[in-house]
Structure formats: C-alpha cells, structure tokens
C-alpha cells in the first residue's frame with residue numbers, strides 16, 4: 001500500500017461506464033471515455049442480507065450493567081433499595097440514556113443490543129464524566145518517564161521504541177519534550193500488570209475487570225498502567241493505546257468523538273494525533289510549528305483503495321481520500337477521521353456492499369453504514385469474513401461474491417454461505433500480483449484493478465483482460 005501516512009476520507013462514489021448500454025460492447029475502452037453515472041445505482045439499495053457472520057449479543061445482567069456504568073462515571077442517584085432495572089431506567093434521565101447520548105448511540109433509554117455491545121467492549125478505565133470540569137496540566141515543558149514491569153512475553157526494546165514513538169506524537173505538536181529515565185521518580189511512570197493496583201482494586205471480580213485495558217492518572221500524579229491481558233502483541237493497538245494514555249497523563253480528558261485519540265474505546269488505531277486532539281493539547285501547552293505537506297490527487301502514484309457509491313469515485317491514499325465527482329471535478333483532500341470517525345489512519349483495502357462499507361487493515365475489519373461505525377467493530381477478519389486472510393491488498397464485490405486479493409492469490413467469499421468457496425492465483429485474471437486496489441463495475445460486469453500507474457479491466461463476459469494507464473481525470477499537468 002502507499003508509503004504515505006495518510007488518514008482517508010469516506011464519502012464514497014461509483015465509477016460507471018455509460019450504463020444505458022444494454023449489451024456489453026467489448027471494443028477497446030480508452031480511459032478518456034469513462035463517465036460517472038449520476039443516478040443512484042441498485043448496488044446501493046439494501047438487500048437486507050448481511051454478508052458477514054453476525055455479532056452475538058452480549059449476555060449482561062442488570063447488576064453488571066450498573067457496575068460498568070458506575071465505573072465509567074455514570075453514577076447512581078436512585079435509592080440503593082431499588083431493583084437494579086429500576087435504578088437503571090427509572091426516568092428519562094436514566095444512566096443508560098446518559099450513556100447513549102454520550103457515545104452517540106440510538107437514544108432508546110433501554111438496554112438494547114447496541115448498548116450492550118458498547119458496554120462490553122474493552123475500554124480505558126478513566127471515568128468519562130467526573131473530571132470534565134477540572135483543568136489538569138503540567139507546569140513545566142520537559143518531562144521524564146520511566147518504564148517498569150514490561151511483560152515477559154514481550155521484548156522490552158520493542159515496547160520502549162513504541163512508547164518513544166507515542167510520546168513523540170505529542171511532542172511533535174506542542175512545546176513539550178520527553179526523556180526516558182531509569183529513575184522510578186520520573187514524572188510519568190509506566191507499568192504493565194493485571195490491573196490489580198489499589199486504584200482499580202474494586203473492579204476485580206466485576207463485569208468491568210476484563211473490559212479494562214489501561215488506566216492513567218492526570219497531572220501531576222503521572223502513572224500509566226497497561227493491562228497485560230491486552231496490547232502486548234498488536235503494534236497498532238499498543239501504539240494507539242499508549243498515545244491515548246499519555247494524553248491523560250498530560251491532562252487530556254475523554255472525548256465522545258470517534259475522531260479523537262481520547263475516545264475511550266479502541267476503534268481507530270491511530271498512529272498520529274488527529275487534528276481535534278492537536279488543537280486541544282496546544283491550548284494547554286502551546287504550539288510547535290511544523291509544516292505538513294498534503295499530497296494533491298494529481299500527484300499520487302498509487303492508491304490504497306477505490307470505493308464506490310452513486311456519486312462518483314473515492315480514491316483512498318494514506319491519511320486522505322479524494323472524491324471524483326460525476327463531472328470529473330476533483331474534491332479537496334479530506335482526512336478520513338473527519339468524514340468517517342473511527343477509521344484507522346491508513347487502510348489495506350475497502351469495499352462497499354449494499355449500504356455497508358467494510359475497511360480492512362492487518363487482521364481487523366471496520367463496518368460503516370453511511371458515516372457511522374457499527375457497534376461491535378472493529379472485529380477480527382477471521383470472525384467476520386471466515387476464510388479470508390489478514391493483510392489484504394484489495395477487495396471487490398460483484399453483487400454475488402466478495403473477491404479478496406493478497407500477493408499472488410485471491411479468495412472468493414460467498415456472502416450467503418458466509419464462507420470462502422474458491423481460491424486460486426491472480427493469474428486467472430491475467431493481472432500482476434500485489435495489486436493496490438480493486439473495484440467492480442456493474443454496467444459492464446467487469447473488475448477494475450489498480451497497480452501503481454496501471455489500470456486493468458477484467459470482463460466476466462469475455463474472460464479477457466485489458467491494460468491501460470490509470471486515468472488522470474482533470475489533472476491538466478498529465479494531459
């Protein structure tokens with residue numbers, strides 16, 4: 001995938017070749033003849049058929065729900081003698097409704113499926129609400145940190161390297177500097193344990209205990225605790241979590257926005273600070289001036305993914321996405337986190353299936369319906385699309401099958417059977433290995449493949465493949 005570190009946008013569009021043709025004309029198609037259909041295509045009408053293995057509804061008792069809400073800062077104001085369900089839902093201002101409002105869930109006031117899925121997810125242990133009216137801040141610019149109790153299953157040098165990267169993300173945008181220290185009296189102490197500290201001792205044996213992945217203290221206590229049960233192997237998850245907890249150690253509170261690194265659930269797997277957090281921390285510690293180059297669409301040499309809706313094409317490259325409208329107008333680069341909060345800041349592949357857009361990265365998949373990340377995601381690819389491998393190069397959907405490409409092989413996934421029913425080498429499509437992106441065109445029943453600056457068309461009707469230069473649309477410098 002592209003080497004640029006980019007967060008990508010999703011306001012997706014579709015490339016259609018003049019769909020008024022009733023037969024498939026196999027004359028050579030030049031890129032300049034491609035047009036984008038304005039009309040809503042049936043590819044984007046829901047069939048009410050989920051292509052993935054459904055998520056099981058968590059089994060949570062009222063007592064367990066009450067415990068999770070209490071630990072999250074949604075405190076009980078009802079009488080302790082009331083039944084648990086009464087304490088939870090006794091009026092319109094119930095804690096369930098507060099929780100739903102805070103996390104932008106459907107505001108039912110009931111313990112519904114989406115709310116249970118949210119309550120059961122691993123999260124940061126710091127209370128969401130109790131510190132919102134307080135201002136926490138270090139009164140110095142140079143801070144030290146000490147790493148202790150690194151899990152035996154990990155390599156200390158790798159853990160420390162990721163922690164340096166996490167601290168650097170905050171230093172890059174503020175006037176703060178961080179130095180690792182061997183002294184246990186450092187400003188910020190970092191510990192790895194099973195969360196048996198006195199701070200969270202009351203969670204042991206509760207429904208919340210296994211849902212806690214980290215905990216941190218605000219300035220100037222300076223303690224970060226990682227639950228060794230999580231985040232000792234997955235680099236992306238650990239880096240994101242470390243950045244989040246360092247934010248707390250600097251005085252940043254939780255955010256209800258998935259576009260923020262300070263969102264208490266692990267959704268996005270950010271490797272750089274989103275702009276919303278940059279703005280917030282600079283109010284506390286000042287701004288370190290940097291210039292960041294935003295690549296223009298016409299300068300891109302490859303794409304991470306190309307996805308489609310009825311409005312045109314969306315090209316994804318690194319941290320940005322580029323919308324090509326039906327009149328070939330090129331939209332401005334847009335950060336993914338601004339359009340689809342919760343998406344990681346780089347992707348391996350993406351595909352739109354009916355009204356759902358699935359985004360793949362390493363071993364996980366995100367599911368968006370319109371602009372909303374669906375509850376229970378991200379999920380492991382193996383649990384969502386059984387049989388598909390991790391670290392995919394590209395994914396496409398032809399209204400019947402999902403085609404997943406990796407290296408020199410492809411896998412055909414059957415949404416009805418929820419299983420892979422065929423796999424072979426990509427040479428069957430007469431295309432090179434390690435493609436960058438793929439897209440299906442319904443009107444001519446063919447697959448598009450993108451590889452660097454080349455464009456391949458495979459026709460299911462003729463089983464032939466054509467190769468072209470990738471179209472440059474309105475890029476005048478390429479004309």
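Backbone N, Cα and C define each Cβ position, glycine as well.
On a predicted model such as this, the values are computed, not experimentally measured, just so you know.
The Ca(2+) 4 site recorded in TrEMBL includes 304, 348, and the single candidate from 436, 445, 452 that the record places there is 436. The Zn(2+) 2 site recorded in TrEMBL comprises 244, 248, 254, 262 together with one of 124, 475, namely 124. Taken together, the residues in the domain 'Peptidase metallopeptidase' (134-287) have a mean pLDDT of 82 on the 0 to 100 scale. Counting other C-beta atoms within 10 Å of each candidate's C-beta, the binding-site residues 244, 248, 254 are led by 244. Other Cβ atoms within 10 Å of the Cβ of residue 304 (Ca(2+) 4 binding site), summed over all protein chains shown, number 28. Among the binding-site residues listed here, namely 187, 304, 436, 187 has its C-alpha nearest to that of residue 244 (Zn(2+) 2 binding site). Taking the mean position of the Cβ atoms of 124, 244, 248, 254, 262 as the Zn(2+) 2 site, the remaining same-chain residues with a Cβ inside 8 Å of that point are 126, 216, 245, 247, 252, 253, 255, 261, 263, 264.
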